[in-house]
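Data block below; observations after.
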C-alpha cells in the first residue's frame with residue numbers, strides 16, 4: 001500500500017517549479033495531523049485541552065483550548081520547515097509573515113482553519129483541520145503582504161482537510177483529482193485508501209442546521225421542503241444529516257453523495273463560514289471531485305476576497321443537488 005510520502009514524491013513531477021516546497025508543506029501538515037490525532041484521542045483523559053480557553057477569536061467566537069493548541073501547532077510546524085512565506089488562520093486576527101531569509105524567499109502562503117467543529121470535542125464528535133495553499137504574488141525575497149492571502153479560490157495550488165473520526169483521514173488535491181489517506185497508528189503513517197475520489201452526481205442526504213429555519217432565505221426554505229417531499233422519480237424524500245462540523249459533513253457527502261448548506265440568514269447576513277479558511281478549500285476539493293460549490297448564486301472559487309476573515313454562504317456537494325438548490329435561490333431571490 002502506498003504511503004502519503006510515496007504518493008507526494010510520485011506526484012512532485014507535476015509541479016517542477018515547486019522545487020519540493022509543496023512536499024515540505026504537506027509533510028508539515030501531516031505531522032500536525034498526527035499530533036492533533038494523538039491529543040484528540042486522549043481528550044477524555046485530560047482537562048488540558050477540553051473546554052473554553054477563556055479567549056474569543058477575531059469573529060467574537062469562543063476559542064476552545066484545542067483551537068489554540070491546533071493553531072499553535074500548525075504555525076510552529078510551518079515556521080520550522082520554512083517552506084512558506086506566511087500563514088493566516090481563522091484563530092488569529094492578522095496574517096503572520098515568516099520573516100527569515102528562507103521565509104522571505106519562499107513561494108507559498110497557507111491559510112487554515114486549524115480545528116473545524118472544535119465545540120464537538122467535549123462530546124466526542126468528529127472534527128477536522130482545513131488548509132489552503134497559494135503561490136504568493138508579492139516579490140520573492142521580500143516579506144509577504146496582505147495581497148498574498150487575498151486571492152480568489154481559483155488560484156489555489158493545493159487544498160485539503162484532515163477529519164478526526166472513527167479513523168483519521170487526510171484528503172487533499174493539487175488540482176489533479178482528490179485523494180484520501182487513512183492514518184495507521186500502528187505504523188505512524190498515512191496510507192492511500194481512497195484514490196481519485198469522486199462525489200456522486202446526486203445523493204439522498206442534505207446537511208443543514210434546520211433549527212435556524214425561520215432565519216433562512218426563502219429559496220433555502222423552499223429547497224428544504226423539496227428535499228422532504230415524496231417523489232419516486234427523484235428518489236425523495238431525502239435524509240437530513242447534520243453533524244455541525246463542516247469537515248465531517250462534507251466528507252460524508254463526498255463519499256455518499258449529498259449537499260451541505262450553510263446559507264446567509266437574518267443573524268448572519270453574509271453567511272457564517274469563512275471564505276478563505278473554509279469556503280475556498282472545500283470548494284476546490286468539491287470541484288476536483290466532480291461536485292459544485294456555490295454561494296447560492298455564483299461559483300465560490302470566483303469570489304474576490306475583500307477581507308481576511310470574510311464570510312460566505314456555502315452550498316456544496318453533488319452537482320445535481322447544488323444546481324437544484326441554486327434554482328430555488330434564483331427563483332425566490334430576495335432584494
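Even glycines carry a Cβ here, placed using N, Cα and C.
Pulled from Swiss-Prot, these are the features on record:
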type	residues	note
BINDING	90, 113, 115	Mg(2+) 1 binding site
BINDING	113, 116, 278	Mg(2+) 2 binding site
BINDING	116, 117, 118, 119, 209, 242, 272	substrate binding site
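Listed binding-site residues near residue 113 (Mg(2+) 1 binding site): 278 (candidates 119, 209, 242, 272, 278; Cα-Cα distance within 10 Å). The shortest Cα-Cα distance between residue 115 (Mg(2+) 1 binding site) and any of the binding-site residues 209, 242, 272, 278 is the one to 278.
Taking only the Cα positions, the spacing between residue 119 (substrate binding site) and residue 90 (Mg(2+) 1 binding site) is 15 angstrom. Looking only at Cα atoms, residue 272 (substrate binding site) sits nearest to 278 among the binding-site residues 90, 116, 278. The substrate-binding residues named in the record, 116, 117, 118, 119, 209, 242, 272, extend over a maximum Cα to Cα distance of 17 Å. Taking CA atoms as the reference points, residue 90 (Mg(2+) 1 binding site) and residue 278 (Mg(2+) 2 binding site) are 9 Å apart. Secondary structure at residue 115 (Mg(2+) 1 binding site), as computed by DSSP, is strand. Across the structure, residue 278 (Mg(2+) 2 binding site) and residue 117 (substrate binding site) are spaced 11 Å apart at their Cα atoms.
A distance of 14 Å separates the Cα atom of residue 116 (Mg(2+) 2 binding site) from that of residue 242 (substrate binding site). Shown in sequence order, 125, 126, 127, 128, 243, 244, 245, 246, 247, 248 are the residues of the chain, 6+ apart in sequence, with a C-beta less than 8 angstroms from the C-beta of residue 117 (substrate binding site).
Using the Cβ center of 113, 116, 278 for Mg(2+) 2, the list of other same-chain residues with Cβ within 8 Å runs, in sequence order, 90, 112, 117, 128, 129, 130, 161, 246, 247, 273, 274, 277.
For the binding-site residues 118, 119, 209, counting C-beta atoms within 10 A of each C-beta gives the highest total at 118.
If you draw a 10 Å sphere around the CB of residue 115 (Mg(2+) 1 binding site), it holds 31 other CB atoms from the protein chains shown.
Each residue in 67, 70, 71, 89, 91, 112, 114, 116, 118, 129, 130, 277, 278 lies on the same chain as 90, 113, 115 and has a C-beta within 8 Å of the C-beta centroid of that Mg(2+) 1 site, without being one of the site residues.
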